[in-house]
Structure formats: C-alpha cells, structure tokens
Amino acid sequence: MNSVEAVEKILNYSFVNKTLLKEAITQKSPLFDRLEFFGDSILEVAFTNYICHTYPNLKVKELRDLRTANVSNEKFARIAVNHNLHHFLLLQNPSLFKKVKNFAEAVRKEDDPVPYGGLVKAPKILADTLESIAATVFIDVNYDVKRLWEIFRSLLEPIYTPDDLLLQPKLPFLTLFRLADKHGSESTSGIRKMTTSTKILLRNKDCLDVDLEDVKGKSFEICSTELFSLSTVSENSLTDEMSQEEVVIDEDSPNVEPEDVKGKLFEICYTRKLQIQTGSSGNPLTYEMTTKQMVVDKDSLHVEPVNGRGELIEICTKNKWPRPIFSVQEEKGPKNEPKFVCSVKIEIPNIEGTFHMKGDIKSKKKQAENSLAYHMIRALESSLVSLVISNLQKPKSLDEKNNPLLFSSEMDSSVEAVEKILNYSFVNKTLLKELLTHNNSPLFQGLMFVGESALSLAFTKHLYLTYPMLEPKDLSVLRDANTCHDKYACVAVKKGIYQSFIGSVPKPEKMTTDFIELMGKEDDPYRVVKAPKILVNLLAGVAGAVYIDVKYNVQRLLEIFRVLLEPIYTLDDLRMQLKQPFLMLFRLADKHGKQIDFRYSKDGGSRKNIAQVYMDDMFIASGCAKRIDTAKLLAAEEAIQKLSECMPIEKIIHQDNLDGEVIQTGSSSLLTAFENPLTEEMTQEQMVIDEDSLDVEWKLFETEELQIQTGSSSMSTVSENPLPCEITPTKMVIGEVSPHVELEDVKGKSFEISSTETSSLPIAFENPLTNELTQEQMVIDENSPYVEPVDTKGKLFESCSVESSSLPTTSENPSTYEMTTKQMVVDKDSPHVEPEDEKGKLFEICAKNKWPNPIFSVEEERGQQNEQKIVCSVKIEIPNIEGTFHIKGDAKPTKKEAENSSADHMIRALESSVMSLVITNLQMHENLDGKKKNLQMKESLNENKTLLHSTKRRRRL
C-alpha cells in the first residue's frame, strides 16, 4: 500500500485529485507550504463553527482559549502520531526523523489530554502535514466546510472541552513538573503531574500554608426558588441534548468522611430535562443533560489567595449583586486549637436564585472565609455555572414582550438598511435583529467570533487561487492587509453600517467619535487615530450573521462582502506603499520637534529580536518578534498609539502637500507656489536604511536648508518654469553591527559618480536657468574606529561615460545644478541582513528598465583555504546615458552570497534619491537634445515657409 492509499484509508475518504494529496505529504513539494497555510485557516474555521454551536453561552475569551487548544501545533502533531500519519510523510531533512520518533514515543506514554503540550515539544512538520492534508480535502470537496468537518471530525478526536482546560494544572505546576522531570524526577502524565508538584512543594510546607485536608468537602449548590422555562426568538428549530450534571464527593476517598459529603451537592433543580420553549413558534429547544460525577482528588493542590473574601465582594459589586453573606457553620476541635467551617451565600436577583457553599476547615475564621471565597470564585468561573447563570438570565434578554425593539419600526428600518448596504436579503432576519440589539449577549459575541474567522478564510481562499505561485509569507501579508482592524472599522463607517445598530453601540467614546469624524473627511493614510474595537466587532458580527445565513458557504460570504471591502489590496499595492507606521511615527515626532531612534537587542530566553523606540533618548514603546523588521513594525505601531494619546493631532499632512504654508528660518521664507519670488526652505532629510528590511524611512531634522534659488529676483510661476535645486549634505545611515555581518565586511563601502567635466543640463528653453552637476562622492568616514583608509581602495561605485562625460548646454540657457558632497555613514548600532535572492531582483530591475543584464565577477579571494572569503562586483551598463555603474560587495564565504551582497548594494544604490536624480539628469540630456533638434527643425520649417511666402508675393507683384 502506497502513502496516498494509506492516508485515504485513515481518512476513510477517496480523493478525486490524488496528485494533490501526494504533494500534501511531501515536504519538499513546492505546494506543501501553500497547502499548509491554507489548511491552517480551514481548520480554524471548522473548529470555530463547532465550538460556537456546541457552547453558545461561552464568552469570546473562553471561545478563543478553547479554539486555541484544539488547533494548536501540539494537538495536531498528536493527531498525526495517534493515527500513524507520520509513517507516510516524505521528509526532506533526515534530522527530522529523530525528532518525530522521539515525539511519537513520548505521545505513546500519555494517558490524558494535554492541551498545553507534554514534555517533548511537537515537531512543527507533523502539524503542518495535517493542515496540508486538510487543505487538500477542502479543495477536493469543492470548498465545503461542512463536508470537510464530516471527514475530519473522527480524526480530530478527542476534542478538548472547557472542563478539559479547567482540569489542566496551572502554568506554575506545569513548569514545575517539567523542571522536575528534566532533573530525573518521576515523569508521568495526567493527575500525577499535580501529585509530583505536591510532593516537591510540601517539602517547603513551612513557607506555604497548605493542608491536605483543604480538599475536603468542595461543593456548592444552586437552588432555584421556582421552575423556569427559557424563551428564544430563534425561528429555527434547534435541539441540543445535554444532561443534568451533579458534582459529587467521592466517599471512598481515605481522607474524606461520609458525613463531610452530606448536603455538599451541586444540583440543578430539574430531575430530567430543562426545556426551553420558544415564544414565537412551537419548536421546542430542549437540553438533555446526562449525570456526570465530579470527584475531588485528595492530591489536588491549590494555594488560596490571601484576600479571597475581598475579591468575591468585588465580583458581586461588578455584577450588581448583593454583598455575599458569610457565616460560621460549625466549630471543631479543642478550645486551644479551634477549627472553623464557614459558608457563603450569594443571591442573584435577576435569576431569583441563590448560590450557597461551605468551605474548608481552618484554624482561623479569616482563613476559613478566604478559603471559602476562593472556592466560590472558582465555582462561579466554571463553565457549568456560567451555563446555568446565562440560561437563567436568558428569559429577560430574549423575552419578546420585554424587548419591544425587536418588533419596532426602527428595527425594521435598520434591518432594511443593512440589507441594502450588503445587497443581500436575510433568510433568517431574526438573526440580524438579535445582532442589531444585543451587544454583550452571547449571540452577538458568537457571531463576531465566527465572522472574523470566516472572513479570514474567505480571503485566504481568494488569495490562494488568485496567486498560484505566491509564497505563504506573501499570502499572509496580503491577507492581513485585507482583513486588518483598520479596514473593518473604515468599512463600518464609510458604508454607514454603524448607524443601523440600535442597541449594539453604546454612547460613543472619544476614540470612536474621533475616528468617525476623521473618516468623514478626505482619506489620509497617515492618520494616528486607532480603529475602535466596537466598530471592528460590528462588521465582524455582520459577517458572522451572513456566514450562518448562507449556510456556512465561504465563497458566498466573499461575494457579498467583496464590494464592501473594495479595493482589495494586491502585492503591487503593498510594494508601492511606504510602511505607514514608520512614516507616521517620524512625522508625528517632527511636528513636535522630537527625534526618533530605534534600538535593538535580543531576548535571551526566546532568542527573539526586540526593537525599542526612543524619542529624545526617552523610551516610548517596544516590539518583540522572531524577525527584526516585524519587531520594529510592532514597536512603531505601539509608539504611534502612545504618542497620539499625549500629542493632540488630528491628521499628519503629507509633506508634499504643504504648498500654501509659509515656513521661515532666518531671513529665508517659503512662499506659495503661485508667487514669482520663489525661495523654498526645507529641513535636511536623513535617510535611514533598516538593518533587515531595506525600506527607507525619512526623518525630518531642522539642521540645514534646502533652498531653491534663482538667478534673478523675479521669475514666472512654477507651472511655466521648472526650477533648479541646490541640495545640501544628506546623511544616509546603514546598519553595521549585525549577528550575520562581519565587521570587515562593511569596511570601505563607497561609490562615486565620476564626471570628467562639469555637466550642464539644459532644462527649459524659455527661461535662462543653468544647472551645474558637480562630482558627488559617497565615502565611508575614514576616522571611524572600524574603517581603515586602505579598505576604501578600489571599492568604487562609479558612473562613467563611455564616450564623453561632458554634457553640452545651450548657449542661450545657462542653468546649473550644484550638488555638494554627501557622506554615507555606517551606523554600528543598526544590523543589516541581506536577502537571499538579490541577484535575481537585480536582473528583474535591469529587464524592467530595458538595460543589459548585470555582469558579475569575482574581484578577490581573501583568507586561508578553510576560511576563504570572496568579494564579488557587479557592473550595469545603461545605454541611453552611455554610462556604466560599478560596485563591489562584502566579503562572503561563498560565491553565491558574495554575488547577492554586491547585488544588494547595487539595488540600494539605484533606489537612493541621489542616484535617481543622477540617472534622471543623465537621461535628460538625450531627451533635451531631441527637443532641441525638434525645435531647430520647426524653426527651419518656419524659415522655409516664410521664404516661400515672400517668393510668392514677389511673383504676384
């Protein structure tokens, strides 16, 4: 049996496209990573659908925790091992075989669920394979989520429940257990984890107030004073069967006496069934609960808080319940060693019920009350009690008689408005009505939770099919750009969806009103108002309602929402845009006269990169991620949020749009572009190249002037007269100290644009303007402690003319550009990591500009044979300017890396503002020569016409 047939047998499903399944289990396959990326979103949505349907009353945080446990790499890796999928993987890296084998052996020894992972970390390849297979199934069943779940459901068992998560030891116990096992202590799973922790901690019982008898008698009861029936406005007949649950103390426990169990019972006061009758239809919504026993384990160890009583009072105050009533139930022991047992009672008015619980035996009354309060808090936080409370509260929130908004004319008009915006008519309009009314109801939170994941999958599917050759990292960037919170909030405002919600939107907060006001003005990508969460949730909730109404059809969901979310960003859109957070950050700081600085470090534990933002040497924010550019982006976003709160600003205007503003520095002034005396004064711009990402960010510093001066005091307007510029020194700072870049590699990186004579470029024929282009050099500072003068030798980027480097000017139009020397300074605190395929990118740039292919050559080889370093150079010939650009790269251990290094420096040089100006000016000569020839031809034709006319007149005379 081959691998494909074996996987089909495990899934109990025969694939139509067996070739795709072969790709899904082959690590070196070009489709493997793409399928894994697709499958991750698919399984997340499948579990989201299941969890929301099974646990309709859980809060969003609980839903997220439950989904995270079920879609984690640890869970998926265990599924692969338990179903022997790892035997059929075609792995590329032999070292993975050992990791998979060790993990499989560890999983075989596990007896209980381990949502947080076991002792051996799961190899990611196992989880990736399961996700890849899931994507293959999803494609094979024509993108049907329901059919996928039917096939995968048995494979994904056991599905973790809220109780499974509650039974897991807290992180301190889990960490302690793993630490003990690492040093040779007993290594078992399940409840013995807590036992091991107990034994170790009890050695220090002098410093911990822990008694084994604390576990006795944990019980509470919920007493309802009258029977109740629950109503719902749902039009669909839904039947979920759950059972009555009882929490019973195990009487066989050696440390628990039978009388301790008496009356300590949690019971729901219905013997068999809890029926929920709908008020609008006769469809019964029935929950059947089977009896379950909850046994108190004597080895279960907990350390109770010192102020549990105060915390319980705070919970009651927050929920607007009466204060809890504490009382002493009994006193035990002799007078010199008394023992107290306390009880607490909580009355919840809106369900007309009472929670009552007895606590542990303690030597002091205060300790007994704190212990009791601790157990009551744990009980209130349990999923069972949350279910009971939410169900008991449902009649008042869902009772149609008490909620006239559901049938008001305002509600009907709101439903019609939303349907008109979506261009979609709901089958179940009650679903939309509930959404428009209840912001904090479980239904609203469930719709929001489902909608967010469904939209993400819809875009993932769209991008997967639209870009068949795109790598997962690029697909992820595109998906995030199209499903980000900013975009959701903008859609909610622009399309007017937020105006249709009646009860969902509370009194607008300042952030919401500011965002809506800003969106009412013309769009500005450099705003600093963060998207309010309430607006994001509204759109996600609408998406969830549509997704359920179209019967979980992802494709139909995208068809409905695509018009709202236009424009759909493409990869070209993202490449053309500067990274907005950096631009916003620098402009926000510059507006207030501040200077922004990024500093970098490593997290020793996780080995992640940390980026920190400083403003005038004062720490503002930080970001942490595996990639340094991601960490920097996170830090910039956090800094923008913090600075925008303390720096009142409505918009950050793009610097290029400041046409009508007058800026004065000294005696110079910048007048509007509509006046003739034109003197423009701008601040020096410092261009910083980031270490990892080669994106360019602009800092504006008030250090030097960039003036536009004319030869005469009066000139024509800008529309008639292209003006020359005199550019003062601009520093371009690159990263120097990088874990992947050696110090000697950055020595002597320089290039110069060489011209044998002063180049004069004719600019316009109407105005006497002369631009003189002087020689420019970008040189490493020789006084730097890491740069030796000899290192600059031969490392030259030069633009040399093959025939003539002197550009002629027109005698009647002397216009001169003067450019001063610029220094490129290497910043030792900014690391730089070169990409892997810069050589290919350089070839693409040359092809795009219709230049000949770049020529790579090995310039020198350094070091000994076992530690050899290679230096490569690259040369580009640009025919239309009759010039050649030449640059050397860094010393690298392999020829491929050396070529990529030289290509990287060439690309950065070509993208710099100075080089763009030089190439443009050099190309301008050819264009201007053509214009001059055309003008001369026109003048010649005019002369000929005049001559002909004069000849004709003479003949007539």
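These residue numbers are counts, starting from 1, taken along the chain as shown.
Glycine is treated like the rest: Cβ placed from N, Cα and C.
Residues or ranges marked as domain 'RNase III 1' in Swiss-Prot (evidence: sequence analysis): 4-142.
Annotated domain 'DRBM 1' per Swiss-Prot: 307-382, in sequence order. Helix, strand and coil counts under DSSP for the domain 'DRBM 1' (307-382) come to 31 helix, 28 strand, 17 coil.
Feature annotation from Swiss-Prot assigns domain 'RNase III 2' to 415-551; the stated evidence is sequence analysis.
What Swiss-Prot lists as domain 'DRBM 2' is 566-645, and the listing cites sequence analysis. DSSP labels the residues of the domain 'DRBM 2' (566-645) in these numbers: 36 helix, 22 strand, 22 coil.
Annotation comment: Swiss-Prot describes 837-912 as domain 'DRBM 3'.
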Restricted to the domain 'DRBM 2' (566-645), the mean pLDDT of the model is 79
Go ahead and report the DSSP secondary structure tallies for the domain 'DRBM 3' (837-912): helix first, then strand, then coil. 31 helix, 25 strand, 20 coil
The domain 'RNase III 1' (4-142), counted residue by residue under DSSP: helix, strand, coil: 94 helix, 2 strand, 43 coil
